[in-house]
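First, the structure itself, so that you have it in front of you.
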């Protein structure tokens, strides 16, 4: 490690200890050398003894800076790893940092523009940022070509070396987790860190975010439920993104929404519909739908429309995952735990040799108490969490796409019930799920599949005779190969039988010659000839096997 890395590591451990986070490590794991080392190098009393553990962890991550803040935010979605009191505190982490100098942002923009001055493309460029976060900040301007109001998102200068340095240290700490925590191996800390690193590096590429926003906008074009601002791809690069400026009420500002007469029930239900439409119709969902990224249009409060921004993190499910997920939800709310267990096995989420009866019993034990509440109060997100936690005990592998989905579902639920506490998520989602499943089976699905595949088969039809001929030829060649292999195996089997026979004769001759040589020396050369014959017979047998 370099001196700089050592200083940073010292600061990280010093910060953790100053917040008393060493109590996360069981005393039995703190061996005497570790305790002495801790006292000598990192002595620091817990300065926040009056605060609960979750709060202290949140404050420590905030003190360590943006990379750790975002890491904590990601960990808050992994409720399979942490108890609720810690996960809830991590969810409060705010990705707000001091903005960097506007002139420096202007230089970054001009660099992304190939050295052109800002006023070559933009008018009314604001040096003061509109918003600032750990990865990027946003400035307002107008497009010179058409006068439209836009926002320019620009990556922080020199953020990549900072991320790489801190990620290296996070990896080092992750390697210690299995040694320090009794359940550390099950938590798969290095896998969690790899997942975070990928998400973080994806956010550094604004071309990826631009493409995500364009796709989401296309999926909801002319939709009354969701509006996605227009992206101007000709102005975008890896370090800069230009998109339409929007005006709306933050979805968390319930007072402002009520003041303008927003239909809160419809708004909450539309949030659920938007989510399930993204997941099941489009297989492409916005996976960072926290309140800071969602606004509500000022127009038509009686028929409210969401506005979604910041598409840096998206998720997708394949057809099989969607089907299993929809059937899992329906089976769960029908309290058909056997079906839930079978679906987990059939999907490959748990190993195929899982004992279905034991798995069903475990699911029933964990999930049945949930139905003590009315259906309207049951949380979809916590249903998924309970299912995944139970499945993890049966060696369920981490499914990154399902983790993203669960996180997004928790956001959607939280926002929906904040807007309209009586929101019945199941009542809103059930018709959608049942309709989607019905659409995937039967005659309509068959006709749609035929339509989708028809161009492919029409294009390949002239090749069919040749493909049939090639298949027949390959079949003949395969049969010839099989016959040859069978013949070779038969010959080898015969030779092995002969070899065993010769080895037996050789052994008898050697043994007989040896006994005669010892007990009948008067027989002269006969014992020697017998032993020589035995050796020759062994050699012939050995040659037949080779």
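Using the three backbone atoms N, Cα and C, a Cβ is placed for every residue, glycine included.
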To which of 111, 148, 153 does Swiss-Prot also attribute binding of ATP at the site defined by 130, 131, 132, 133, 134, 135, 136, 137, 138?
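It is 153, as the record lists it for that site.
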Swiss-Prot lists transmembrane segment for one of the ranges 480-500, 522-542; which is that range?
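Transmembrane segment, as annotated by Swiss-Prot, spans 522-542.
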Looking at 459-479, 501-521, I want to know which stretch Swiss-Prot calls transmembrane segment.
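Matching range for transmembrane segment: 501-521.
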Max CA to CA distance in Å over the ATP-binding set 130, 131, 132, 133, 134, 135, 136, 137, 138, 153?
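Pairwise Cα check on 130, 131, 132, 133, 134, 135, 136, 137, 138, 153 gives a maximum of 14 Å.
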State the count of C-beta atoms found within 10 angstroms of the C-beta of residue 134 (ATP binding site), not counting that atom itself.
21
Within 10 Å of its Cβ, which one of these binding-site residues (130, 136, 138) has the largest number of other Cβ atoms?
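Sorting the candidates by Cβ neighbours within 10 Å, the top entry is 136.
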How many other Cβ atoms are found within 10 Å of the Cβ atom of residue 132 (ATP binding site), counting all protein chains shown?
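There are 18 of them.
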Based on DSSP, name the secondary structure state of residue 136 (ATP binding site): helix, strand or coil.
strand
With an 8 Å cut-off on Cβ-Cβ distance and a minimum sequence separation of at least 6, pull the same-chain contacts of residue 288 (active site, proton acceptor), or say none.
310, 311, 312, 313, 408
